[in-house]
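K.L.:
As listed in TrEMBL for this protein:
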- CYS81, CYS117, CYS151: [4Fe-4S] cluster 1 binding site (BINDING)
- CYS227, CYS231, CYS234: [4Fe-4S] cluster 2 binding site (BINDING)
- 1-11: compositional bias 'Polar residues' (COMPBIAS)
- 72-190: domain 'MTTase N-terminal' (DOMAIN)
- 213-443: domain 'Radical SAM core' (DOMAIN)
- 446-509: domain 'TRAM' (DOMAIN)
- 1-24: region 'Disordered' (REGION)
Amino acid sequence: MNEQQRASGKITTEAAPADKKSATGEKDYSKYFQRVYIAPSLKDAKRRGKEAVRYLKDFSIPDHLRGMGDGRKFYIRTYGCQMNEHDTEVMAGIFMELGYQPTEEPEDADVILLNTCAIRENAENRVFGELGHLKSLKREKPDLLLGVCGCMAQEESVVNKILEKHQHVDMIFGTHNIHRLPHILYEAYMSKEMVVEVWSKEGDIIENLPKARKGNIKAWVNIMYGCDKFCTYCIVPYTRGKERSRRPEDIIREVRELAAQGYKEITLLGQNVNAYGKDFTDIQYRFGDLMDDLRKIDIPRIRFTTSHPRDFDDHLIEVLAKRGNLVEHIHLPVQSGSNQILKIMARKYTREQYLELVRKIRAAIPDVSLTTDIIVGFPNETDEQFEETLSLYREVEFDSAYTFIYSPREGTPAARMKDNVPMEVKKERLERLNKLVSEISAKKMKEYEGKVVEVLVEGESKTNPDVLSGYTRKNKLVHFKGPKSAIGQLVKVKITEAKTWTLSGEMVEENVPVEVK
Ligand code: SAH
Ligand code: SF4
Ligand code: F3S
(Lines of atoms letter the chains of each structure in order from A and count residues from 1; the text may use other names and numbers.)
(Lines give C-alpha, C1' and ligand atoms only; values in the text may rest on other atoms or scores of the structure.)
(Ligands and ions follow the chains in the order given, each with its own letter.)
Protein backbone atom coordinates (compact mmCIF):
# COMPACT_ATOMS: atom_id res chain seq x y z
CA MET A 1 0.00 0.00 0.00
CA ASN A 2 1.44 3.38 -0.89
CA GLU A 3 0.83 6.72 0.78
CA GLN A 4 -1.79 7.71 -1.69
CA GLN A 5 -3.84 4.60 -1.13
CA ARG A 6 -3.57 5.02 2.59
CA ALA A 7 -4.74 8.59 2.35
CA SER A 8 -7.75 7.53 0.37
CA GLY A 9 -9.18 5.32 3.07
CA LYS A 10 -10.06 5.72 6.67
CA ILE A 11 -7.51 3.92 8.80
CA THR A 12 -8.22 3.42 12.45
CA THR A 13 -5.35 1.13 13.23
CA GLU A 14 -2.51 -0.29 11.23
CA ALA A 15 -1.29 -3.87 10.99
CA ALA A 16 2.20 -4.58 12.23
CA PRO A 17 4.68 -5.76 9.61
CA ALA A 18 4.07 -9.46 9.35
CA ASP A 19 7.69 -10.47 9.85
CA LYS A 20 8.35 -8.39 12.96
CA LYS A 21 9.99 -10.35 15.77
CA SER A 22 8.75 -10.30 19.33
CA ALA A 23 10.89 -8.96 22.17
CA THR A 24 12.09 -12.48 22.91
CA GLY A 25 13.14 -13.03 19.34
CA GLU A 26 10.27 -15.47 18.84
CA LYS A 27 7.91 -14.85 15.97
CA ASP A 28 4.68 -13.98 17.72
CA TYR A 29 2.44 -12.29 15.24
CA SER A 30 -0.68 -12.21 17.34
CA LYS A 31 1.05 -9.89 19.77
CA TYR A 32 1.66 -7.40 17.05
CA PHE A 33 -1.61 -7.87 15.36
CA GLN A 34 -4.04 -5.01 15.26
CA ARG A 35 -7.16 -4.69 13.24
CA VAL A 36 -6.99 -2.92 9.89
CA TYR A 37 -9.98 -0.89 8.88
CA ILE A 38 -9.77 0.81 5.52
CA ALA A 39 -13.06 1.83 3.99
CA PRO A 40 -13.62 2.77 0.35
CA SER A 41 -14.53 6.23 -0.87
CA LEU A 42 -16.30 6.72 -4.20
CA LYS A 43 -15.03 10.26 -4.33
CA ASP A 44 -11.41 9.11 -4.14
CA ALA A 45 -12.12 6.31 -6.59
CA LYS A 46 -13.19 8.89 -9.17
CA ARG A 47 -9.84 10.69 -9.15
CA ARG A 48 -7.49 9.81 -11.95
CA GLY A 49 -3.88 10.47 -10.96
CA LYS A 50 -0.93 10.77 -13.30
CA GLU A 51 1.33 8.44 -11.33
CA ALA A 52 2.92 5.66 -13.36
CA VAL A 53 1.75 2.10 -12.94
CA ARG A 54 4.29 -0.21 -11.32
CA TYR A 55 4.58 -3.76 -12.61
CA LEU A 56 5.59 -6.05 -9.79
CA LYS A 57 6.48 -9.69 -9.68
CA ASP A 58 6.85 -9.91 -5.94
CA PHE A 59 3.85 -11.95 -4.87
CA SER A 60 4.83 -14.66 -2.43
CA ILE A 61 3.27 -16.31 0.57
CA PRO A 62 5.13 -15.19 3.72
CA ASP A 63 6.70 -18.12 5.58
CA HIS A 64 4.53 -17.75 8.63
CA LEU A 65 1.35 -18.02 6.53
CA ARG A 66 2.39 -21.14 4.65
CA GLY A 67 0.22 -24.11 5.49
CA MET A 68 -2.49 -21.84 6.91
CA GLY A 69 -5.07 -23.72 4.84
CA ASP A 70 -3.89 -27.27 5.54
CA GLY A 71 -6.94 -29.40 6.29
CA ARG A 72 -9.26 -26.54 5.38
CA LYS A 73 -11.56 -25.98 2.41
CA PHE A 74 -12.63 -22.86 0.51
CA TYR A 75 -15.70 -22.02 -1.55
CA ILE A 76 -16.03 -18.92 -3.76
CA ARG A 77 -19.32 -17.81 -5.33
CA THR A 78 -18.92 -15.44 -8.27
CA TYR A 79 -21.64 -12.96 -9.18
CA GLY A 80 -20.05 -10.72 -11.80
CA CYS A 81 -18.61 -10.50 -15.27
CA GLN A 82 -15.72 -12.44 -16.82
CA MET A 83 -13.31 -10.15 -15.01
CA ASN A 84 -14.80 -11.25 -11.71
CA GLU A 85 -14.68 -14.88 -12.75
CA HIS A 86 -11.03 -14.49 -13.51
CA ASP A 87 -10.43 -12.78 -10.15
CA THR A 88 -12.03 -15.84 -8.59
CA GLU A 89 -9.46 -18.02 -10.38
CA VAL A 90 -6.68 -15.87 -8.92
CA MET A 91 -8.11 -16.07 -5.40
CA ALA A 92 -8.55 -19.84 -5.79
CA GLY A 93 -4.88 -19.99 -6.81
CA ILE A 94 -3.87 -18.08 -3.67
CA PHE A 95 -6.02 -20.32 -1.46
CA MET A 96 -4.37 -23.39 -2.94
CA GLU A 97 -0.88 -22.00 -2.36
CA LEU A 98 -1.90 -21.52 1.25
CA GLY A 99 -2.82 -25.22 1.46
CA TYR A 100 -6.63 -24.94 1.21
CA GLN A 101 -8.62 -27.39 -0.92
CA PRO A 102 -11.56 -26.29 -3.08
CA THR A 103 -15.10 -27.50 -2.40
CA GLU A 104 -18.30 -27.16 -4.41
CA GLU A 105 -20.46 -27.19 -1.28
CA PRO A 106 -20.66 -24.09 0.90
CA GLU A 107 -21.67 -26.34 3.83
CA ASP A 108 -18.28 -28.14 3.63
CA ALA A 109 -16.24 -24.97 3.46
CA ASP A 110 -14.11 -23.40 6.17
CA VAL A 111 -13.94 -20.14 4.21
CA ILE A 112 -16.71 -18.77 1.99
CA LEU A 113 -16.10 -15.79 -0.26
CA LEU A 114 -18.79 -13.93 -2.18
CA ASN A 115 -17.11 -12.29 -5.18
CA THR A 116 -19.70 -9.65 -5.89
CA CYS A 117 -20.90 -7.45 -8.77
CA ALA A 118 -22.25 -3.91 -8.44
CA ILE A 119 -23.44 -3.30 -11.99
CA ARG A 120 -27.18 -3.38 -11.26
CA GLU A 121 -29.33 -3.36 -8.17
CA ASN A 122 -30.58 -6.93 -8.61
CA ALA A 123 -26.99 -8.23 -8.65
CA GLU A 124 -26.51 -6.54 -5.28
CA ASN A 125 -29.81 -7.80 -3.87
CA ARG A 126 -28.80 -11.38 -4.60
CA VAL A 127 -25.67 -10.92 -2.51
CA PHE A 128 -27.55 -9.44 0.44
CA GLY A 129 -30.03 -12.32 0.17
CA GLU A 130 -27.18 -14.82 0.27
CA LEU A 131 -25.62 -13.09 3.27
CA GLY A 132 -28.94 -13.58 5.04
CA HIS A 133 -28.95 -17.33 4.21
CA LEU A 134 -25.38 -17.78 5.36
CA LYS A 135 -26.19 -16.41 8.79
CA SER A 136 -27.56 -19.76 9.97
CA LEU A 137 -24.58 -21.68 8.54
CA LYS A 138 -22.30 -19.32 10.41
CA ARG A 139 -24.26 -19.98 13.62
CA GLU A 140 -23.84 -23.75 13.14
CA LYS A 141 -20.14 -23.37 12.31
CA PRO A 142 -18.74 -20.48 14.32
CA ASP A 143 -15.24 -21.12 12.93
CA LEU A 144 -16.42 -20.55 9.38
CA LEU A 145 -14.89 -17.43 7.83
CA LEU A 146 -17.25 -15.44 5.63
CA GLY A 147 -15.89 -12.79 3.25
CA VAL A 148 -17.32 -10.28 0.81
CA CYS A 149 -15.06 -9.13 -2.03
CA GLY A 150 -15.38 -7.87 -5.60
CA CYS A 151 -17.03 -4.72 -6.91
CA MET A 152 -19.68 -4.25 -4.21
CA ALA A 153 -16.93 -4.10 -1.61
CA GLN A 154 -15.63 -0.98 -3.37
CA GLU A 155 -18.87 0.88 -2.55
CA GLU A 156 -19.01 2.87 0.65
CA SER A 157 -22.73 2.33 1.11
CA VAL A 158 -22.34 -1.44 0.84
CA VAL A 159 -19.51 -1.57 3.38
CA ASN A 160 -21.57 0.55 5.78
CA LYS A 161 -24.60 -1.67 5.31
CA ILE A 162 -22.59 -4.82 6.01
CA LEU A 163 -21.00 -3.22 9.07
CA GLU A 164 -24.45 -2.32 10.36
CA LYS A 165 -26.63 -5.23 9.35
CA HIS A 166 -24.40 -8.20 8.62
CA GLN A 167 -22.12 -8.47 11.59
CA HIS A 168 -21.57 -12.16 10.86
CA VAL A 169 -19.30 -11.19 7.93
CA ASP A 170 -15.64 -11.65 8.92
CA MET A 171 -13.84 -9.82 6.15
CA ILE A 172 -14.44 -7.32 3.37
CA PHE A 173 -11.82 -6.60 0.72
CA GLY A 174 -11.99 -4.98 -2.69
CA THR A 175 -10.83 -5.46 -6.25
CA HIS A 176 -7.47 -3.67 -5.86
CA ASN A 177 -5.97 -5.82 -3.12
CA ILE A 178 -6.76 -9.42 -4.02
CA HIS A 179 -3.07 -10.21 -3.55
CA ARG A 180 -3.49 -9.29 0.13
CA LEU A 181 -5.79 -12.30 0.63
CA PRO A 182 -3.27 -14.28 2.75
CA HIS A 183 -2.86 -11.37 5.17
CA ILE A 184 -6.58 -10.61 5.26
CA LEU A 185 -7.34 -14.26 6.09
CA TYR A 186 -4.70 -14.25 8.80
CA GLU A 187 -6.13 -11.10 10.31
CA ALA A 188 -9.65 -12.53 10.15
CA TYR A 189 -8.52 -15.67 12.02
CA MET A 190 -6.81 -13.60 14.68
CA SER A 191 -9.44 -10.93 15.11
CA LYS A 192 -12.86 -11.12 16.65
CA GLU A 193 -13.92 -8.08 14.67
CA MET A 194 -14.70 -7.62 11.01
CA VAL A 195 -11.59 -7.03 8.90
CA VAL A 196 -12.23 -4.33 6.31
CA GLU A 197 -9.50 -3.62 3.78
CA VAL A 198 -10.70 -1.81 0.69
CA TRP A 199 -8.40 0.48 -1.26
CA SER A 200 -10.18 3.33 -3.01
CA LYS A 201 -7.38 3.74 -5.51
CA GLU A 202 -6.09 1.08 -7.82
CA GLY A 203 -2.74 -0.37 -6.94
CA ASP A 204 0.16 -1.78 -8.89
CA ILE A 205 -0.12 -4.54 -11.47
CA ILE A 206 1.12 -7.74 -9.89
CA GLU A 207 2.25 -10.16 -12.54
CA ASN A 208 3.02 -13.36 -10.71
CA LEU A 209 -0.25 -14.09 -8.92
CA PRO A 210 -1.14 -17.78 -8.92
CA LYS A 211 -4.24 -18.87 -10.86
CA ALA A 212 -6.35 -21.98 -10.43
CA ARG A 213 -8.12 -21.89 -13.79
CA LYS A 214 -11.55 -23.40 -14.21
CA GLY A 215 -11.22 -25.97 -16.95
CA ASN A 216 -8.39 -26.76 -19.33
CA ILE A 217 -9.95 -25.88 -22.68
CA LYS A 218 -10.67 -22.14 -22.46
CA ALA A 219 -8.82 -19.51 -20.45
CA TRP A 220 -9.25 -15.85 -19.54
CA VAL A 221 -6.33 -13.49 -19.91
CA ASN A 222 -6.51 -9.96 -18.51
CA ILE A 223 -4.96 -7.42 -20.81
CA MET A 224 -5.94 -4.35 -18.85
CA TYR A 225 -7.65 -3.27 -15.69
CA GLY A 226 -10.06 -0.45 -14.88
CA CYS A 227 -12.06 1.97 -16.99
CA ASP A 228 -11.76 5.70 -17.66
CA LYS A 229 -14.89 6.10 -19.78
CA PHE A 230 -17.24 7.17 -16.99
CA CYS A 231 -20.47 6.42 -18.85
CA THR A 232 -22.93 8.31 -16.66
CA TYR A 233 -24.91 5.23 -15.56
CA CYS A 234 -21.96 2.98 -14.76
CA ILE A 235 -20.26 2.10 -11.49
CA VAL A 236 -17.29 0.23 -13.00
CA PRO A 237 -14.84 3.19 -13.23
CA TYR A 238 -15.34 3.61 -9.47
CA THR A 239 -15.06 -0.05 -8.53
CA ARG A 240 -12.19 -0.97 -10.86
CA GLY A 241 -10.07 2.18 -10.89
CA LYS A 242 -8.26 3.85 -13.74
CA GLU A 243 -7.22 2.15 -16.96
CA ARG A 244 -3.93 0.28 -16.63
CA SER A 245 -2.58 -1.97 -19.39
CA ARG A 246 -0.45 -5.01 -18.80
CA ARG A 247 2.85 -4.99 -20.69
CA PRO A 248 2.64 -6.76 -24.08
CA GLU A 249 5.49 -9.15 -23.23
CA ASP A 250 3.66 -10.35 -20.10
CA ILE A 251 0.44 -10.98 -22.03
CA ILE A 252 2.22 -12.72 -24.89
CA ARG A 253 4.12 -14.91 -22.45
CA GLU A 254 0.92 -15.90 -20.67
CA VAL A 255 -0.87 -16.78 -23.93
CA ARG A 256 2.16 -18.78 -25.11
CA GLU A 257 2.20 -20.72 -21.86
CA LEU A 258 -1.52 -21.46 -22.13
CA ALA A 259 -1.02 -22.66 -25.70
CA ALA A 260 1.80 -24.93 -24.54
CA GLN A 261 -0.44 -26.31 -21.81
CA GLY A 262 -2.98 -27.30 -24.46
CA TYR A 263 -5.63 -24.61 -24.04
CA LYS A 264 -7.63 -24.15 -27.24
CA GLU A 265 -9.24 -20.77 -26.70
CA ILE A 266 -8.24 -17.54 -25.01
CA THR A 267 -10.54 -14.65 -24.14
CA LEU A 268 -8.72 -11.37 -23.61
CA LEU A 269 -10.37 -9.33 -20.89
CA GLY A 270 -10.73 -5.61 -20.29
CA GLN A 271 -13.64 -3.26 -19.60
CA ASN A 272 -12.69 -1.52 -22.81
CA VAL A 273 -10.02 -3.51 -24.62
CA ASN A 274 -9.75 -0.89 -27.35
CA ALA A 275 -8.18 1.47 -24.87
CA TYR A 276 -5.33 -1.03 -24.43
CA GLY A 277 -1.94 0.65 -24.53
CA LYS A 278 -3.23 4.22 -24.35
CA ASP A 279 -1.54 4.54 -20.98
CA PHE A 280 1.94 3.47 -22.14
CA THR A 281 4.31 6.41 -22.09
CA ASP A 282 7.37 4.63 -23.47
CA ILE A 283 5.97 2.60 -26.37
CA GLN A 284 3.42 3.09 -29.15
CA TYR A 285 1.59 -0.18 -28.90
CA ARG A 286 -2.19 -0.52 -29.06
CA PHE A 287 -4.80 -3.26 -29.13
CA GLY A 288 -4.38 -3.83 -32.88
CA ASP A 289 -0.65 -4.38 -32.35
CA LEU A 290 -1.31 -6.82 -29.54
CA MET A 291 -3.80 -8.80 -31.64
CA ASP A 292 -1.32 -8.86 -34.52
CA ASP A 293 1.29 -10.38 -32.20
CA LEU A 294 -1.09 -12.86 -30.56
CA ARG A 295 -2.27 -13.98 -34.00
CA LYS A 296 1.11 -15.62 -34.51
CA ILE A 297 0.81 -17.83 -31.43
CA ASP A 298 -0.18 -21.43 -32.08
CA ILE A 299 -3.55 -21.50 -30.32
CA PRO A 300 -6.78 -22.14 -32.27
CA ARG A 301 -8.99 -19.29 -31.06
CA ILE A 302 -8.59 -15.85 -29.58
CA ARG A 303 -11.57 -13.72 -28.49
CA PHE A 304 -11.83 -10.47 -26.61
CA THR A 305 -14.36 -8.63 -24.53
CA THR A 306 -15.50 -5.87 -24.25
CA SER A 307 -14.80 -3.39 -26.98
CA HIS A 308 -16.05 0.17 -26.72
CA PRO A 309 -17.06 1.55 -30.14
CA ARG A 310 -15.18 4.78 -29.55
CA ASP A 311 -11.61 3.48 -29.64
CA PHE A 312 -12.17 0.82 -32.32
CA ASP A 313 -9.55 1.89 -34.87
CA ASP A 314 -8.86 0.97 -38.50
CA HIS A 315 -5.66 -0.86 -37.66
CA LEU A 316 -7.56 -3.20 -35.36
CA ILE A 317 -10.13 -3.91 -38.10
CA GLU A 318 -7.30 -4.62 -40.54
CA VAL A 319 -5.69 -7.07 -38.11
CA LEU A 320 -8.98 -8.83 -37.26
CA ALA A 321 -9.61 -9.25 -40.99
CA LYS A 322 -6.51 -11.47 -41.16
CA ARG A 323 -8.61 -14.03 -39.22
CA GLY A 324 -6.52 -17.14 -38.50
CA ASN A 325 -7.00 -17.65 -34.78
CA LEU A 326 -8.80 -14.29 -34.40
CA VAL A 327 -12.47 -15.27 -34.41
CA GLU A 328 -15.23 -13.59 -36.45
CA HIS A 329 -17.19 -12.36 -33.45
CA ILE A 330 -17.19 -8.87 -31.95
CA HIS A 331 -19.17 -7.82 -28.90
CA LEU A 332 -19.78 -4.13 -29.46
CA PRO A 333 -22.10 -2.59 -26.86
CA VAL A 334 -24.23 0.19 -28.35
CA GLN A 335 -26.47 0.89 -25.28
CA SER A 336 -28.99 3.01 -27.22
CA GLY A 337 -29.95 4.01 -30.77
CA SER A 338 -30.86 7.57 -29.82
CA ASN A 339 -28.31 10.35 -30.18
CA GLN A 340 -29.79 12.33 -27.29
CA ILE A 341 -29.63 9.34 -24.95
CA LEU A 342 -26.12 8.39 -26.11
CA LYS A 343 -25.09 11.94 -25.32
CA ILE A 344 -26.53 11.91 -21.80
CA MET A 345 -24.95 8.49 -21.27
CA ALA A 346 -21.61 10.11 -22.25
CA ARG A 347 -20.88 7.27 -24.67
CA LYS A 348 -19.12 9.82 -26.91
CA TYR A 349 -20.31 8.45 -30.24
CA THR A 350 -23.46 9.00 -32.26
CA ARG A 351 -25.81 6.50 -33.84
CA GLU A 352 -24.32 7.46 -37.21
CA GLN A 353 -20.75 6.89 -36.02
CA TYR A 354 -21.71 3.51 -34.59
CA LEU A 355 -23.37 2.51 -37.88
CA GLU A 356 -20.31 3.68 -39.80
CA LEU A 357 -18.09 1.52 -37.60
CA VAL A 358 -20.35 -1.48 -38.23
CA ARG A 359 -20.14 -0.76 -41.96
CA LYS A 360 -16.33 -0.68 -41.84
CA ILE A 361 -16.11 -3.89 -39.82
CA ARG A 362 -18.48 -5.68 -42.20
CA ALA A 363 -16.61 -4.41 -45.25
CA ALA A 364 -13.46 -6.05 -43.84
CA ILE A 365 -15.10 -9.16 -42.33
CA PRO A 366 -18.39 -9.67 -44.23
CA ASP A 367 -19.59 -12.68 -42.22
CA VAL A 368 -18.71 -11.19 -38.81
CA SER A 369 -21.08 -11.90 -35.93
CA LEU A 370 -21.93 -8.76 -33.96
CA THR A 371 -23.50 -8.84 -30.52
CA THR A 372 -24.29 -5.94 -28.23
CA ASP A 373 -25.49 -4.60 -24.87
CA ILE A 374 -28.54 -2.35 -24.62
CA ILE A 375 -30.00 -0.39 -21.73
CA VAL A 376 -33.70 0.51 -21.89
CA GLY A 377 -35.47 3.01 -19.66
CA PHE A 378 -32.55 5.37 -19.15
CA PRO A 379 -33.85 8.42 -17.22
CA ASN A 380 -36.48 10.28 -19.26
CA GLU A 381 -36.10 8.05 -22.33
CA THR A 382 -39.06 8.83 -24.60
CA ASP A 383 -41.00 6.35 -26.72
CA GLU A 384 -39.41 7.86 -29.82
CA GLN A 385 -35.93 7.44 -28.40
CA PHE A 386 -36.68 3.82 -27.55
CA GLU A 387 -38.02 3.30 -31.08
CA GLU A 388 -34.67 4.53 -32.36
CA THR A 389 -32.99 1.74 -30.40
CA LEU A 390 -35.31 -0.79 -32.03
CA SER A 391 -34.64 0.65 -35.48
CA LEU A 392 -30.88 0.57 -34.94
CA TYR A 393 -31.15 -3.04 -33.80
CA ARG A 394 -33.09 -3.90 -36.96
CA GLU A 395 -30.64 -2.04 -39.13
CA VAL A 396 -27.54 -3.74 -37.74
CA GLU A 397 -29.21 -7.15 -37.30
CA PHE A 398 -27.11 -8.15 -34.32
CA ASP A 399 -26.70 -11.88 -33.75
CA SER A 400 -27.84 -11.38 -30.16
CA ALA A 401 -27.79 -8.94 -27.28
CA TYR A 402 -27.70 -8.59 -23.53
CA THR A 403 -30.55 -6.26 -22.63
CA PHE A 404 -31.06 -4.46 -19.34
CA ILE A 405 -33.44 -2.10 -17.62
CA TYR A 406 -31.48 0.91 -16.39
CA SER A 407 -30.59 0.58 -12.73
CA PRO A 408 -29.52 3.71 -10.81
CA ARG A 409 -26.10 3.30 -9.16
CA GLU A 410 -25.34 5.50 -6.18
CA GLY A 411 -22.54 7.97 -6.85
CA THR A 412 -22.95 7.99 -10.66
CA PRO A 413 -24.21 11.14 -12.46
CA ALA A 414 -27.28 9.37 -13.92
CA ALA A 415 -28.45 8.38 -10.44
CA ARG A 416 -28.93 12.08 -9.70
CA MET A 417 -31.14 12.64 -12.76
CA LYS A 418 -34.87 12.91 -12.27
CA ASP A 419 -36.61 10.12 -14.14
CA ASN A 420 -40.15 10.35 -15.49
CA VAL A 421 -40.36 6.86 -16.99
CA PRO A 422 -42.51 4.49 -14.91
CA MET A 423 -41.12 1.00 -14.25
CA GLU A 424 -44.09 -0.55 -16.08
CA VAL A 425 -43.08 1.30 -19.26
CA LYS A 426 -39.45 0.21 -18.86
CA LYS A 427 -40.54 -3.40 -18.50
CA GLU A 428 -42.71 -3.16 -21.62
CA ARG A 429 -39.81 -1.71 -23.57
CA LEU A 430 -37.52 -4.50 -22.43
CA GLU A 431 -40.11 -7.07 -23.53
CA ARG A 432 -40.50 -5.46 -26.94
CA LEU A 433 -36.75 -5.31 -27.40
CA ASN A 434 -36.27 -8.90 -26.27
CA LYS A 435 -38.89 -10.03 -28.77
CA LEU A 436 -36.95 -8.36 -31.57
CA VAL A 437 -33.66 -9.84 -30.28
CA SER A 438 -35.19 -13.36 -30.36
CA GLU A 439 -36.73 -12.87 -33.79
CA ILE A 440 -33.48 -11.80 -35.38
CA SER A 441 -31.48 -14.45 -33.54
CA ALA A 442 -33.87 -17.16 -34.77
CA LYS A 443 -33.61 -15.87 -38.31
CA LYS A 444 -29.80 -15.83 -38.22
CA MET A 445 -29.59 -19.27 -36.65
CA LYS A 446 -31.83 -20.71 -39.38
CA GLU A 447 -29.11 -19.91 -41.92
CA TYR A 448 -26.93 -22.55 -40.26
CA GLU A 449 -29.25 -25.46 -41.09
CA GLY A 450 -27.54 -27.96 -43.38
CA LYS A 451 -24.15 -26.27 -42.97
CA VAL A 452 -20.93 -27.64 -41.45
CA VAL A 453 -19.40 -25.66 -38.57
CA GLU A 454 -16.30 -26.04 -36.41
CA VAL A 455 -17.09 -26.68 -32.75
CA LEU A 456 -14.73 -26.51 -29.78
CA VAL A 457 -16.19 -29.28 -27.63
CA GLU A 458 -16.42 -28.32 -23.98
CA GLY A 459 -18.17 -31.29 -22.44
CA GLU A 460 -21.46 -33.07 -21.95
CA SER A 461 -24.62 -31.04 -22.39
CA LYS A 462 -25.99 -29.76 -19.09
CA THR A 463 -29.32 -31.49 -19.64
CA ASN A 464 -28.32 -34.72 -21.41
CA PRO A 465 -25.04 -36.58 -20.78
CA ASP A 466 -25.35 -38.41 -24.13
CA VAL A 467 -25.06 -35.11 -25.93
CA LEU A 468 -21.86 -33.05 -26.24
CA SER A 469 -21.80 -29.27 -26.36
CA GLY A 470 -19.44 -26.63 -27.57
CA TYR A 471 -19.19 -23.31 -29.34
CA THR A 472 -18.47 -22.21 -32.89
CA ARG A 473 -15.98 -19.43 -33.62
CA LYS A 474 -18.91 -17.03 -33.62
CA ASN A 475 -19.90 -18.26 -30.18
CA LYS A 476 -23.01 -20.24 -31.16
CA LEU A 477 -23.80 -23.06 -28.79
CA VAL A 478 -24.01 -26.41 -30.61
CA HIS A 479 -25.34 -29.73 -29.24
CA PHE A 480 -24.54 -33.00 -30.98
CA LYS A 481 -24.01 -36.71 -30.33
CA GLY A 482 -20.36 -37.67 -30.32
CA PRO A 483 -17.67 -39.66 -28.52
CA LYS A 484 -16.41 -38.39 -25.17
CA SER A 485 -12.93 -38.36 -26.71
CA ALA A 486 -14.04 -35.27 -28.67
CA ILE A 487 -14.11 -33.21 -25.46
CA GLY A 488 -11.42 -30.55 -25.66
CA GLN A 489 -11.08 -30.99 -29.43
CA LEU A 490 -12.17 -28.97 -32.45
CA VAL A 491 -14.62 -31.08 -34.47
CA LYS A 492 -16.83 -30.59 -37.51
CA VAL A 493 -20.59 -30.72 -36.99
CA LYS A 494 -23.33 -30.60 -39.63
CA ILE A 495 -26.25 -28.56 -38.33
CA THR A 496 -29.57 -30.38 -38.59
CA GLU A 497 -31.77 -28.06 -36.54
CA ALA A 498 -31.62 -24.43 -35.49
CA LYS A 499 -33.46 -23.10 -32.44
CA THR A 500 -33.57 -19.45 -31.36
CA TRP A 501 -30.37 -19.61 -29.30
CA THR A 502 -28.82 -23.00 -30.01
CA LEU A 503 -27.97 -25.33 -32.86
CA SER A 504 -28.12 -29.14 -33.00
CA GLY A 505 -26.28 -31.35 -35.40
CA GLU A 506 -24.24 -34.44 -36.13
CA MET A 507 -20.50 -34.88 -36.10
CA VAL A 508 -18.94 -35.36 -39.53
CA GLU A 509 -15.52 -36.54 -40.74
CA GLU A 510 -12.55 -34.35 -40.03
CA ASN A 511 -11.79 -33.82 -43.73
CA VAL A 512 -15.21 -32.29 -44.51
CA PRO A 513 -14.69 -28.58 -45.12
CA VAL A 514 -16.23 -26.00 -42.78
CA GLU A 515 -19.01 -24.10 -44.59
CA VAL A 516 -19.76 -21.36 -42.08
CA LYS A 517 -17.59 -20.15 -39.21
N1 SAH B 1 -17.22 -2.18 -20.28
C2 SAH B 1 -18.33 -2.72 -20.94
C3 SAH B 1 -19.54 -2.88 -20.07
C4 SAH B 1 -19.45 -3.62 -18.81
S5 SAH B 1 -20.92 -3.64 -17.94
C6 SAH B 1 -18.68 -1.78 -22.07
O7 SAH B 1 -18.70 -0.58 -21.92
O8 SAH B 1 -18.99 -2.29 -23.08
C9 SAH B 1 -21.93 -4.62 -19.01
C10 SAH B 1 -23.19 -3.96 -19.43
O11 SAH B 1 -24.01 -3.68 -18.29
C12 SAH B 1 -23.05 -2.60 -20.09
O13 SAH B 1 -22.69 -2.69 -21.42
C14 SAH B 1 -24.43 -2.02 -19.91
O15 SAH B 1 -25.29 -2.38 -20.97
C16 SAH B 1 -24.92 -2.66 -18.63
N17 SAH B 1 -24.97 -1.69 -17.53
C18 SAH B 1 -23.95 -1.01 -16.98
N19 SAH B 1 -24.39 -0.19 -16.02
C20 SAH B 1 -25.74 -0.36 -15.96
C21 SAH B 1 -26.79 0.22 -15.17
N22 SAH B 1 -26.52 1.14 -14.26
N23 SAH B 1 -28.05 -0.20 -15.39
C24 SAH B 1 -28.32 -1.13 -16.32
N25 SAH B 1 -27.39 -1.71 -17.09
C26 SAH B 1 -26.10 -1.33 -16.92
FE1 SF4 C 1 -18.99 1.19 -17.73
FE2 SF4 C 1 -18.81 2.68 -19.87
FE3 SF4 C 1 -16.59 1.78 -18.68
FE4 SF4 C 1 -18.18 0.10 -19.98
S5 SF4 C 1 -17.02 1.80 -20.88
S6 SF4 C 1 -17.29 -0.19 -17.97
S7 SF4 C 1 -20.21 0.93 -19.59
S8 SF4 C 1 -18.05 3.23 -17.85
FE1 F3S D 1 -19.91 -6.35 -12.10
FE2 F3S D 1 -17.60 -5.38 -11.39
FE3 F3S D 1 -17.80 -6.84 -13.56
S4 F3S D 1 -19.52 -4.34 -11.26
S5 F3S D 1 -19.84 -6.39 -14.26
S6 F3S D 1 -18.18 -7.52 -11.52
S7 F3S D 1 -16.42 -5.13 -13.24
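One is the number of the first residue shown, and numbering goes on along the chain from there.
Backbone N, Cα and C define each Cβ position, glycine as well.
TrEMBL does not curate its annotations; it predicts them automatically.
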K.L.:
To which of the binding-site residues CYS81, CYS117, CYS151, CYS227, CYS234 does the lowest count of other Cβ atoms within 10 Å belong?
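P.N.:
Per-residue Cβ counts within 10 Å for the binding-site residues CYS81, CYS117, CYS151, CYS227, CYS234 bottom out at CYS81.
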K.L.:
With an 8 Å cut-off on Cβ-Cβ distance and a minimum sequence separation of at least 6, pull the same-chain contacts of CYS231 ([4Fe-4S] cluster 2 binding site), or say none.
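P.N.:
The list for CYS231 ([4Fe-4S] cluster 2 binding site) reads GLN335, MET345, ALA346, ARG347, given in order along the sequence.
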K.L.:
Out of CYS81, CYS117, CYS151, CYS227, which binding-site residues have CB atoms lying under 6 Å from ligand 2?
P.N.:
CYS227
K.L.:
Could you tell me the C-alpha distance between CYS81 ([4Fe-4S] cluster 1 binding site) and CYS234 ([4Fe-4S] cluster 2 binding site) in angstrom, no decimals?
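P.N.:
For CYS81 ([4Fe-4S] cluster 1 binding site) versus CYS234 ([4Fe-4S] cluster 2 binding site), the Cα atoms are 14 Å apart.
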K.L.:
Quick one: which residues besides CYS227, CYS231, CYS234 have a Cβ within 8 Å of the [4Fe-4S] cluster 2 site's Cβ centroid, in sequence order?
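P.N.:
So the additional residues around the site are LYS229, PHE230, TYR233, ILE235, VAL236, PRO237, GLN271.
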K.L.:
What does DSSP give as the helix, strand and coil breakdown of the domain 'TRAM' (446-509)?
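P.N.:
Per-class counts: 4 helix, 35 strand, 25 coil.
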K.L.:
Per DSSP, what is the residue tally for the domain 'MTTase N-terminal' (72-190) in helix, strand and coil?
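P.N.:
Its residues fall into 66 helix, 23 strand, 30 coil.
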K.L.:
Rounded to an integer, what is the Cα-Cα distance in Å between CYS234 ([4Fe-4S] cluster 2 binding site) and CYS117 ([4Fe-4S] cluster 1 binding site)?
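P.N.:
Roughly 12 Å, rounded to the nearest whole number.
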